[in-house]
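First comes the structure, then the notes that go with it.
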Amino acid sequence: MSHSRRLSLEPAIDSITGRFRDLQRNDDDVNKPDFRELDLGSPVSTLMPRGSASSSAAATPTSSSGSSGSASGKPSVSSQMAKRLDDAYKSHSGELSSPGSGMPTTTRILKPGHRRSSSTGTPLIFSGSSFTSATSHTSPQGGGSGATSAVSPNTGVLPAGNICPSGRILKTGMASRTSSRTETLCTGTGNYGHGNVVRSGGGGGTSGKAVRVAENGENPEELKRMGNDMYRRGSFSEALSLYDRAILISPGNAAYRSNRAAALTALRRLGEAVKECLEAVRIDPSYSRAHQRLASLYLRLGEAENARRHICFSGQCPDQADLQRLQTLEKHLRRCWEARKIGDWKTAIKETDAAIANGADSSPQLVACKAEAFLRLKQIEDSDFCVSCIPRLDHHYHSQPQVKLFGMVVEAYVLCIQAQVDMALGRFENAVVKAERAAMLDQTNPEVVSVLNNVKMVVRARTRGNELFSSGRFSEACVAYGDGLKQDDSNSVLYCNRAACWYKLGLWEKSVEDCNHALKSQPSYIKALLRRAASYGKLGRWEDAVKDYEFLRRELPGDSEVAESLERAKTVLMNRSQESKSLGFNNEVEAVSTLDKFKKSVALPGVSVFHFKSSSNRQCEEISPFINTLCLRYPLVHFFMVDVEESMALAKAESIRKVPTFKMYKNGDKVKEMVCPSHQFLEDSIKHFLL
């Protein structure tokens with residue numbers, strides 16, 4: 001018997017043990033016939049000259065099986081063959097950065113016990129007046145086969161060896177109708193009929209499952225190539241679907257995982273992309289392309305530590321562009337940390353914006369840092385907008401290993417900021433849920449624990465205050481809301497609720513004050529504006545009431561109650577203006593320069609305010625615009641101005657030693673004198689004597 005031909009085996013699995021496992025697992029899913037039905041009508045002869053095979057060429061491959069004992073045996077694989085398999089399976093030719101290469105070829109390996117009995121080498125199949133070589137041959141592109149015929153005087157030839165099952169004869173012309181699919185000689189204990197030759201889909205399979213799918217027309221390398229084409233065209237969803245199908249066939253291929261990560265990145269599903277890259281690195285720790293993708297993803301997520309780990313991993317020359325981005329990100333994060341420690345929130349906003357502009361455009365923690373800065377600056381609406389812009393990653397995504405920002409796990413930090421913003425806007429139930437989740441993620445961090453405790457106390461105080469208000473116990477409700485404000489001194493909801501209590505108690509000044517606190521952080525807070533406008537009406541400050549109602553009318557164009565309140569306030573204001581004119585009020589500050597005019601002004605009925613000022617004094621110049629505002633705000637009050645430099649005799653008669661000085665008279669009697677008062681104190685004094 002002649003030499004046994006050893007042909008190359010296509011790389012098809014990640015490991016020999018993997019093939020044993022997969023073939024055994026999927027064997028029951030495949031219906032493999034024990035033999036092929038053949039027509040017995042072909043006249044052949046066993047007389048075939050040995051020299052007749054000298055001109056044989058490559059032919060279409062046919063299924064070859066060994067003796068019946070070969071199916072039950074467990075042939076061993078040499079160490080050299082295992083090495084060739086391992087080398088082949090580490091190839092990542094399917095990477096997006098380099099277009100798909102040709103498919104590896106598939107040929108048969110004849111193991112011991114599977115040698116042909118022909119001493120001439122390649123057996124021949126006779127068809128009509130020609131005979132054909134049955135040797136499998138693949139083109140360099142990994143697929144094609146051909147057949148070359150030679151004329152022979154012999155008309156009845158039976159090929160040597162065991163091409164046909166025992167007792168069966170090939171039908172004339174059968175070789176030309178044989179399937180063009182390539183064959184793979186497999187190992188293992190699975191039942192594949194006679195021998196271990198099974199059909200292959202052209203190469204690229206990695207397991208028994210891959211062989212099965214290939215029979216249905218699916219090929220992982222072809223799917224990868226199609227996915228790459230879709231990716232280049234910008235059809236990322238279609239590319240992702242194709243990569244998914246390739247991974248289903250070959251889950252142990254790192255290149256497929258990396259390509260899937262690229263498609264997910266293009267779809268802005270960064271959390272899932274990170275997980276795919278991590279899986280690719282787990283499969284092949286030396287896969288540099290996956291490390292590079294991971295570094296780029298971590299830079300976009302603002303995770304500098306993880307990015308550095310993959311940019312500078314052992315055996316890889318760092319990409320200078322990524323390295324520069326990493327260093328810039330680290331610089332901005334460091335400056336942001338320093339600004340937060342000293343409460344320089346404007347600098348913190350500036351540094352987070354710079355880090356995002358540098359490429360960390362999908363970092364939840366950086367956007368949360370900006371939201372925290374706005375929250376501390378009492379700009380609640382801006383903070384809420386930032387929270388709404390926080391990138392939504394896969395809810396199963398967690399940085400691996402965990403990354404911290406400001407000493408907190410980044411996921412816990414983001415949840416803490418969201419909880420505080422929710423609490424400031426009255427979304428108390430959401431605040432509790434997020435604070436509890438943050439505490440679960442970072443149980444030992446004191447700042448996270450403090451946020452959770454504060455949220456719970458504020459929610460408890462608000463609930464207690466609402467219950468007391470509903471039962472008509474307004475004074476006790478004020479105390480309950482005040483307890484909540486001790487924990488969160490900028491909570492606009494608690495201020496607004498307490499303002500409602502003050503209104504019910506008839507303390508309209510306090511109601512206006514609490515509404516002002518609420519509107520300081522939320523300028524468009526509708527409830528606070530409604531309550532302040534109503535309080536202004538009770539105080540007779542109709543001009544201020546009209547301003548609030550006009551704003552509410554623009555915000556609530558379909559609200560009939562707001563429209564009625566606005567008309568009523570305007571009517572009252574007009575009537576008051578006409579009344580003031582009839583009584584001699586002119587709604588502007590009047591200058592007084594002589595002692596006689598001063599005495600006449602003091603004798604006017606009602607409240608009169610005299611402002612002694614100097615044109616060269618800075619404080620006088622600062623408070624003068626406010627006096628003009630008060631003149632319009634309180635039309636039933638007389639406002640006068642005395643320039644001490646121009647009326648020195650009057651200033652001396654009134655003993656004016658420092659400016660600005662204010663003197664108040666009611667019905668001709670002096671009731672109060674103030675030197676350099678604050679705006680609030682001056683207005684409070686006017687309101688006190690006006691009522």
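In case you wondered, yes, glycine gets a Cβ from its N, Cα and C as well.
Taken from Swiss-Prot as is:
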COMPBIAS  19-39  compositional bias 'Basic and acidic residues'
COMPBIAS  51-79  compositional bias 'Low complexity'
COMPBIAS  83-93  compositional bias 'Basic and acidic residues'
COMPBIAS  94-108  compositional bias 'Polar residues'
COMPBIAS  118-140  compositional bias 'Polar residues'
COMPBIAS  175-189  compositional bias 'Polar residues'
DOMAIN    596-683  domain 'Thioredoxin'
REGION    1-153  region 'Disordered'
REGION    174-209  region 'Disordered'
REPEAT    412-445  repeat 'TPR 5'
What else in the chain is close to the repeat 'TPR 5' (412-445), if you only count residues 6 or more beyond its ends and a Cβ gap under 8 Å?
364-365, 368-369, 371-372, 375, 380, 383-384, 387, 390, 405-406, 451-452, 455-456, 458-459, 462, 488, 490-493, 521-522
Per DSSP, how many helix, strand and coil residues does the domain 'Thioredoxin' (596-683) have?
34 helix, 27 strand, 27 coil
DSSP helix, strand and coil counts for the repeat 'TPR 5' (412-445)?
27 helix, 0 strand, 7 coil
